[in-house]
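The following features are taken from TrEMBL:
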DOMAIN    42-149  domain 'HPt'
MOD_RES   H84  phosphohistidine
Amino acid sequence: MDTLVAQLQRQFRDYTISLSPGFFGFLDDQFTELKKLQDECSPDFVAEVVSLFFEDCEKLIGNMARALDQTGNVDFSLVGSSVHQLKGSSSSVGAKRVKGLCVTFKECCDSQNFEGCVRCLQQVDIEYKSLKAKLQDLFNLEQQIVQAGGRIPQVDI
């Protein structure tokens, strides 16, 4: 049992580090700060916050896609507003790559670059889905550790 817990904890540390800026860069140190707010009283805090973030992403990406679908009549300020919201949400959970794409996306909105906006929307959608899968894997590892009787190790990014 202890060997299983140790192995899962090692996998958790390695996987968390692989998401950090020094490796694949999916997350930044804000994610570590968010994790520090989680305790025994609220063991699912981060998963709940991240789940709300992903719901928000889906809504905003859908809104931006619909707005960009209005060929010849795109409201770039509306798209830019959604991008700004997404950037803020991404920043609050430490979604580094999504946040970075939002900076470029906002520049495309400000210059009313339709092709650039469409390209950025596609990239944001891909990054958001990739991050969602990575974090789901991370949360699954956490559950396995707890079910095996272990504690989730603190890993700073």
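Placement of Cβ uses the backbone N, Cα and C atoms for every residue, glycine included.
With a cut-off of 8 Å between CB atoms and residues at least 6 apart in sequence, the same chain places C102, K106 near H84 (phosphohistidine), listed in sequence order. For the domain 'HPt' (42-149), the model gives a mean pLDDT of 95.
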